[in-house]
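Down below is the structure, laid out as structure tokens.
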Amino acid sequence: MSADRPGLHTVTRGRGLLFGGDYNPEQWPEHVWAEDAALMRAAGVNLVTVGVFSWGRLEPSPGERDFAWLDRVLDLMHDAGVAVDLATPTASPPPWMGHRWPETLPVDENGTTLYYGARNQWCPSSPVYREKSLEITTALAERYAGHPAVAMWHVGNEYGQVCYCDLTAANFRRWLQAKYHDISALNDAWGTTFWSQHYSGWDEIIPPRTAPYIVNPSQKLDWARFCSDALLAQFTAERDVLRAYSPGTPVTTNYMGFFKPVDYWSWAPEQDVISNDWYPDPTDPRFPVRAALTHDLMRSLAGGTPWMLMEQSTGAVNWRPHNLPKPAGQLRLESLQAVARGADGSCYFQWRQSSFGAERFHSSMVPLAGPDTAAHAEVREHGRELRKLKDVAGTAVSAQVALLHDWHSWWAAEERARPSDRLSVIEQLTDYYHPLWRRGVTADLARPSSALTPYRLVIAPDLFLLSETDAAALTEYVRNGGVLVVGPFSGVADPRGHLYTGRFPAPLREVLGVSGEAWRPVDQPVQCSWRDETGFNGPGFTARDWTETLRSDGADVIATFDDGGPAVTRHRFGAGIAWYVGTIPDAAALAELTERFLADAGVPGTDLPEGVEAVRRGDLLFLLNHGDGTASVAFEGDAVDVLTGAPLHNGATLAPRGVAILRQHAGTGTTAPATR
Ligand code: GLA
């Protein structure tokens, strides 16, 4: 994201919130297209993504081009007043590519080639793939730059390919040479004296292919970095072609939330628009919480500016073993949740359900049964509602709390052969986010190296890998008055993946005022006790999976393990406070602790009924009921529900899966809602 580049506002300008989906007209005879356009107009669709998987149709054989059909689609969309997010079709090369140039096909870590017949079968390091993908991108850009329908460019789809082939090995070596210059520096960084892994020359280096036993964790860490960079190079190559032909049109590619293989912090500055695909698992009881967390990540990647939900499903997906449809109202609830958290667009995969191919059982905006269906009626109704929220586009969501999440740390933390594989970076993040969500406290996501001074509270649930520089910045943050919370097994490794020596967490010992000598995973839950006079409820709490042998070096001990050793500590440091939590407390204890974190930071929480989410965007308060029962939310004074126009006094009642979006009257209703 760069201030001098066109952003999402160039797409929302004059349109308001974006609503639509992936449109794949090549799957249908042309007479259906006219009906599509009419239905889109009726549903308030104002943006469709076209061409994501059209390479075979645009270039049926190498060098042969057929764009006439796409000309007609773009003209039709323009005439219907529907803007187009035009995609480069490079996520799925046609069979001719793999057949003629088998070296473009990816190879897995076992040396198995992944063939065509599905999608995504390309190697990020293949020069032929790069050349052919840029040729088709150039042809599209030449032809459609300036087309009045094209409001945004969409590069590829859900980048995530990993390849272990020989071309990739050569590319990996080049990447390593640029990083280390000298093979001895690489040997040091990878600790190759261990198990006799010393490299005598660059040519010996290979990707971490399947090996007899545990592969060097520092090699794997660099490999993860390389793979993310190699994909980014493909993205930026296509992006640069589009920018050259179409400088005034923003470029995006769709992310996949907390997707481990790609470091979105390093990708975000390269994009004009942050967009995401979100397919929650309805059987996961915490999916609304994960949704909120993921949306907050997207807003944070966008630097606090609006982002867009590029794909979600109207009902069931088809790729889980057992695919549950969404109950009535769920589509609207999930979409408005994204809008509440900063999305300026809420789009779907896909417009019209496919009757053939691998996704024929995936729900769509127009189901196979046609427009005269409950499913399509819900889509149309939601489009109508989004039009009422036109003015929400461009407004901001602000946060006083930041959660730290770093891809490099995530990669390093979950390598094989660690004390316990029960410590999960994303679960830890979700555990610490959940009580904030319950209390209506909005949080941003940030990296340890981000500017943290705007935040009153910074929570690092799991920062296994932490550079000394970033640790020093966190220390300064607290010294200057910030409140920091650090979760277990943090500050353990340096950026090479080498463990810091001495008592842990070495680079954070000063600020935390606590140090440890041993990590002690446990099989059964353990009992922890609140220290007297700390004011916590009851005698103690249970914790699971993980304990540490800690010693206070100045911090107050808040809770102890059953051997009397510290489990939770709080340290006044400079003008701020630093907490350390050396275990995985149960949810109730973490909720109680979160109250203290918020109190220390002076960040107010809100009383909300179970399952109700509250978030402010601009001057609106979004109340979202994820529960199956009716919920009452109280607030002081008068408000109006901007969706219904209903005046409200001192409270709102939310139906199951209901949403209220309140504009509170100045001077009367500015206080946070409270449970009745
Ligand atoms: C992803 C892809 C789409 C489609 C959907 C199905 O988001 O980008 O092409 O496969 O999943 O849920």
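Yeah, the Cβs are placed from backbone N, Cα and C, and that goes for glycine too.
Features reported for this protein in TrEMBL:
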DOMAIN    22-389  domain 'Glycoside hydrolase family 42 N-terminal'
BINDING   ARG119, ASN157, TRP319  substrate binding site
BINDING   CYS123, CYS163, CYS165  Zn(2+) binding site
ACT_SITE  GLU158  active site, proton donor
ACT_SITE  GLU311  active site, nucleophile
DOMAIN    399-603  domain 'Beta-galactosidase trimerisation'
DOMAIN    611-664  domain 'Beta-galactosidase C-terminal'
Residues close to Zn(2+) site centre defined by CYS123, CYS163, CYS165, Cβ within 8 Å: GLU103, LEU105, PRO106, VAL107, PRO124, SER125, SER126, TYR164, LEU167, THR168
Of all the binding-site residues here, CYS123, CYS165, which one's CB has the most other CB atoms within 10 A? CYS123
Near ligand 1, which of the binding-site residues ARG119, CYS123, CYS163, CYS165 have CB less than 6 Å from any of its atoms? none
To the nearest whole angstrom, what is the C-alpha distance linking ASN157 (substrate binding site) and the residue listed as 'active site, nucleophile'? 11
Indicate whether the residue listed as 'active site, nucleophile' is helix, strand or coil by DSSP. strand
CYS163 (Zn(2+) binding site) and ARG119 (substrate binding site), distance between Cα atoms, whole Å: 14
By Cα-Cα distance, the member of recorded positions CYS123, GLU158, CYS163, CYS165, TRP319 nearest GLU311 (active site, nucleophile): GLU158
Which chain neighbours of the substrate site, leaving out ARG119, ASN157, TRP319, have a Cβ atom within 8 Å of the mean position of the site's Cβ atoms? ALA91, SER92, ALA118, ASN120, GLU158, GLU359
Separation of alpha carbons, TRP319 (substrate binding site) and CYS163 (Zn(2+) binding site) (Å): 23
Tell me the Cβ contacts of TRP319 (substrate binding site) under 8 Å, same chain only and six or more apart in sequence, or just say none. GLU359, HIS362
On the domain 'Beta-galactosidase trimerisation' (399-603), the mean of the pLDDT values is 97
Quick one: pull the CA-CA distance for the residue listed as 'active site, proton donor' versus CYS165 (Zn(2+) binding site), whole Å only. 21
For GLU311 (active site, nucleophile), the number of other Cβ atoms found within 10 Å of its own Cβ: 22
Give me the largest Cα to Cα distance among ARG119, ASN157, TRP319, the residues the record lists as binding substrate, in Å as a whole number. 17
What's the most sparsely packed of the recorded positions ASN157, GLU158, CYS163, counting other C-beta atoms within 10 A? GLU158
Within 10 Å of the Cβ of ARG119 (substrate binding site), how many other Cβ atoms are there? 14
